[in-house]
């Protein structure tokens, strides 16, 4: 495979199916990264939205099916799996969340399963989903990205949703005055009112950076790990297309080895996203941090 062809292959697999306003004023899909960039802020990543919604529906339907078939007698395989998963998440919440809220455990379960399913799509061979999109659309230049968590828009969207909950519960539990005081009166304090007033800008700067770093680090950690994993799969696929027998053979070994290792990564990243969400919301429920 020539270098330019390999470069084009990689760029094509890392480009989202973007829908937005074209330079001619009409609306349609971008075929190149340059066209997608020209669409601006109001462009939609159709593949990211489609996969995330579809996998969310699969999660809801599977758990609804398990709930409807739940029995106190001999449970089926699906019921056993769901019960183990629910107990695992519930135990994680009890260990890490020190407030009282009926929302946190269901939220943690939703985050873990949903993020895991989106990550797990990365185990599908990199060419299958894009080729299926080409067959359906009939357009050989159309890009299609299957792993939603390799799109920073998806991870940032989830992270800032968690951030909104952090702000909501901080104000609900501590009151607006308590929340503002948390941002302005900590970590430095003084009994002297004048000195305390001088420390308010310093405290606010430190606390604001700490606060805004939570969703950004939450999003970029998931995105970075999944993007790197997807890129490795794509580079291995380039080996298969090299035309060299020894590279193709090496690609088979690497594909299998990386897929096995990647199972740990996709599970761990879903777990970390869930646990950090629980910890951040626990901090929001504390009177003093």
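Using N, Cα and C of the backbone, Cβ positions are placed for all residues, glycine too.
Per Swiss-Prot, the features are:
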- 43-63: transmembrane segment (TRANSMEM)
- 103-123: transmembrane segment (TRANSMEM)
- 160-180: transmembrane segment (TRANSMEM)
- 193-213: transmembrane segment (TRANSMEM)
- 232-252: transmembrane segment (TRANSMEM)
- 259-279: transmembrane segment (TRANSMEM)
Contact yes or no, the transmembrane segment (103-123) and the transmembrane segment (259-279), 3+ Cβ pairs under 8 Å, gap 6+: yes
Cβ contacts under 8 Å made by the transmembrane segment (193-213) with residues that lie 6+ beyond its boundaries: 166, 182-187
